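Taken verbatim from Swiss-Prot:
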type	residues	note
BINDING	Glu67, Asp86, Leu88	Mg(2+) binding site
BINDING	Glu67, Leu88, Asp89, Gly90, Thr91, Arg187, Asp216	substrate binding site
Amino acid sequence: MQPMLNIALRAARSAGELIFRSIERLDVISVNEKDAKDYVTEVDRAAEQTIVAALRKAYPTHAIMGEEGGFIEGSGEGADYLWVIDPLDGTTNFIHGVPHFAVSIACKYKGRLEHAVVLDPVRQEEFTASRGRGAALNGRRLRVSGRKSLEGALLGTGFPFRDNQIDNLDNYLNMFRSLVGQTAGIRRAGAASLDLAYVAAGRYDAFWEFGLSEWDMAAGALLVQEAGGLVSDFTGSHEFLEKGHIVAGNTKCFKALLTTIQPHLPPSLKR
């Protein structure tokens, strides 16, 4: 395992242990609303602090971008490295006791994704990847599914629910209608990093969502790519981290999904 990936995995494990211990005291955990329907808990903040401390100890000059703590500037040659952290992806699930959430850590070098960890503290599943070295689950090599069409495919998605996404709800429902009849099912589980990890593991055949932040997608996207899948924004370009919308899947299902949803895109998502 690459040294940077090993450091990231150890940091994710520490955060995951903190999160898992917190499940038993959900009734007393402090919850705040950052924005409409966007929650943060003391556990999110503590988990991010744990990760940042581990990364800063190993790589004090690297830049860090965390969902809760914002941007920490790097210095010297270390500024070319950027760690992208979501300490608790699926906070709403966590708050409600739904056991589907994850720690997500990605490392970029000069803007390119290099390492990724998505850790599920409940199922003790550790999804890891390094550029050019493949993706793994608990040390076992991952490959995307071999399904050749959307017929019988299982898809993952995220349902628009925030106020700034409601204007696109009808477009999303049209996408849903065009897909639900030809697939085995569509799942909306509430943690994009895990959804993408499931694509990498072949559990989902493809995934799409809009209105995401970089920390929601970065680690999961590299997992899919290193497992042999494709990832893009809704126009088919590679600017998904910048644009905040993503399509991912095995080669065949990715292309079929992209072709199916594109006619239903609002103008704001066609750019």
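Glycine is treated like the rest: Cβ placed from N, Cα and C.
In the structure as shown, the Cβ atom of Asp86 (Mg(2+) binding site) sits within 10 Å of 33 other Cβ atoms. For the binding-site residues Leu88, Thr91, Arg187, Asp216, the ranking by surrounding Cβ atoms (within 10 Å, all protein chains) places Leu88 first. The secondary structure of Gly90 (substrate binding site), as reduced to three states from DSSP, is coil rather than helix or strand. Distance noted between the C-alpha atoms of Asp89 (substrate binding site) and Glu67 (Mg(2+) binding site) is 9 Å. Listed in sequence order, Val98, His100, Phe101, Ala102, Ala189, Gly190, Ala191, Leu194 are the same-chain residues six or more apart from Gly90 (substrate binding site) with CB atoms under 8 A from its CB. When the binding-site residues Glu67, Asp89 are compared by the number of other C-beta atoms lying within 10 angstroms of their own C-beta, Glu67 comes out lowest. In the three-state DSSP reading, Arg187 (substrate binding site) counts as strand.
Rounded to a whole number, the distance between the Cα atoms of Glu67 (Mg(2+) binding site) and Thr91 (substrate binding site) is 12 Å. Cα spacing between Asp216 (substrate binding site) and Asp86 (Mg(2+) binding site): 7 Å, rounded to the nearest whole number. Taking the C-alpha positions, the distance from Asp86 (Mg(2+) binding site) to Arg187 (substrate binding site) comes to 21 Å. Between Glu67 (Mg(2+) binding site) and Arg187 (substrate binding site), the C-alpha separation comes to 25 Å. Arg187 (substrate binding site) sits 20 Å from Leu88 (Mg(2+) binding site), counting Cα to Cα.
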